[in-house]
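Each remark here refers to the structure printed beneath this line.
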Amino acid sequence: MAQENAAFSPGTEEPPRRRGRQRYVEKDGRCNVQQGNVRETYRYLTDLFTTLVDLQWRLSLLFFVLAYALTWLFFGAIWWLIAYGRGDLEHLEDTAWTPCVNNLNGFVAAFLFSIETETTIGYGHRVITDQCPEGIVLLLLQAILGSMVNAFMVGCMFVKISQPNKRAATLVFSSHAVVSLRDGRLCLMFRVGDLRSSHIVEASIRAKLIRSRQTLEGEFIPLHQTDLSVGFDTGDDRLFLVSPLVISHEIDAASPFWEASRRALERDDFEIVVILEGMVEATGMTCQARSSYLVDEVLWGHRFTSVLTLEDGFYEVDYASFHETFEVPTPSCSARELAEAAARLDAHLYWSIPSRLDEKVEEEGAGEGAGEGAGVDKEQNGCLPPPESESKV
């Protein structure tokens with residue numbers, strides 16, 4: 001890649017640098033997209049459960065506390081209004097009076113009774129009597145609504161705690177992608193690994209090329225997405241991610257990098273987004289890890305350092321070398337030019353072998369007598385003479 005840290009002498013003007021591309025997906029997997037001018041905000045309320053789960057932790061905890069506090073206050077106020085409407089607060093010292101709730105002498109007592117009812121604590125000091133039908137109805141209503149609030153809020157907190165987002169933090173991608181030869185073909189490669197001992201089940205990998213393009217009609221598409229094949233046709237995209245794996249995209253005629261040489265790749269402006277998906281073995285929930293590579297993070301002519309060694313009875317992974325690469329001889333031409341050169345070489349070998357056979361046959365024929373070769377057909381183009389049965393008339 002082009003050197004960025006060049007030294008300049010005093011008085012010389014620094015050459016203009018190419019403006020860095022704004023990432024579509026950050027290295028840690030966060031999508032760098034913000035939703036703006038959303039006017040139909042009521043749609044968030046139609047899926048209130050997902051909205052609460054997606055909130056930040058401080059907002060989720062605030063909503064959790066407010067949901068219980070406001071419910072207790074609301075029903076506490078109703079218990080106080082019932083006591084006030086029936087005149088229970090005016091007959092606190094009257095032992096012959098049967099109140100709706102025993103020992104309810106104010107709003108604080110009504111609030112505490114609301115908490116005891118909804119949380120089913122039941123200390124026994126304040127208790128509802130059978131002479132208050134409206135209180136019995138309110139008790140049933142608060143018990144049912146309290147159970148619903150508990151189920152809703154506890155469910156939100158459980159889903160938020162058990163979200164597999166943190167599991168993706170232990171799925172790592174190499175800091176750079178590399179381009180080098182594999183079996184005589186140019187390949188774009190990156191490495192993935194899992195830091196945990198519990199594995200990702202049914203893991204699969206995808207890669208997207210994010211690049212601006214303009215259609216034939218003049219339409220400009222700023223973030224056009226193109227699939228990069230990483231083995232979907234052969235099943236190589238389904239991974240057994242026990243140890244770090246190098247994912248390879250073969251640059252063939254169907255690849256968007258088919259005509260990209262080293263120089264063209266350095267001048268290009270694109271982003272490669274890689275997506276690893278699978279189920280967490282411990283919970284069975286789907287997990288997705290993402291990362292991306294800009295042009296400056298693609299190293300031409302490099303290969304990843306091996307991290308797997310065989311020890312006494314087991315394999316050991318050295319994650320200290322996970323991101324390390326080393327240079328290897330790699331042609332700077334494009335994959336198309338490399339394929340054409342290989343085709344020309346194959347054609348040259350194909351035609352040169354018969355030519356040499358012809359020369360050898362001619363030399364042998366010239367050494368023999370003319371009379372000896374009168375009854376024998378001469379070999380041509382490296383082919384065998386026709387059988388004897390066919391040569392007879």
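Note that Cβ sites are derived from N, Cα and C of the backbone, with glycine treated the same way.
Remember, TrEMBL labels are computer predictions, not curated facts.
Annotation comment: TrEMBL describes 384-393 as compositional bias 'Pro residues'.
Taken residue by residue, the domain 'Potassium channel inwardly rectifying transmembrane' (25-164) breaks down under DSSP into 86 helix, 4 strand, 50 coil. Residues or ranges marked as domain 'Potassium channel inwardly rectifying transmembrane' in TrEMBL: 25-164.
Taken from TrEMBL, the feature domain 'Inward rectifier potassium channel C-terminal' covers 171-341. In the predicted model, the domain 'Inward rectifier potassium channel C-terminal' (171-341) shows an average pLDDT of 92.
Among the features that TrEMBL reports, region 'Disordered' is placed at 1-23 (among others).
The region 'Disordered' annotation in TrEMBL covers 360-393 (among others).
What TrEMBL records for 61-82 (among others) is transmembrane segment.
Here TrEMBL flags 136-159 (among others) as transmembrane segment. If one looks beyond the transmembrane segment (136-159) by at least 6 residues along the same chain, the residues whose Cβ comes under 8 Å of a Cβ in the stretch are 49, 52-53, 60, 64, 67-68, 71, 75, 78-79, 82, 114, 117-120, 128, 130.
Outside the transmembrane segment (61-82) by six or more residues, the chain places 52, 55, 100-101, 104, 106-107, 110-115, 117-118, 132, 134-135, 138, 142, 145-146, 149, 152-153, 156-157 with a CB less than 8 A from a CB of the stretch.
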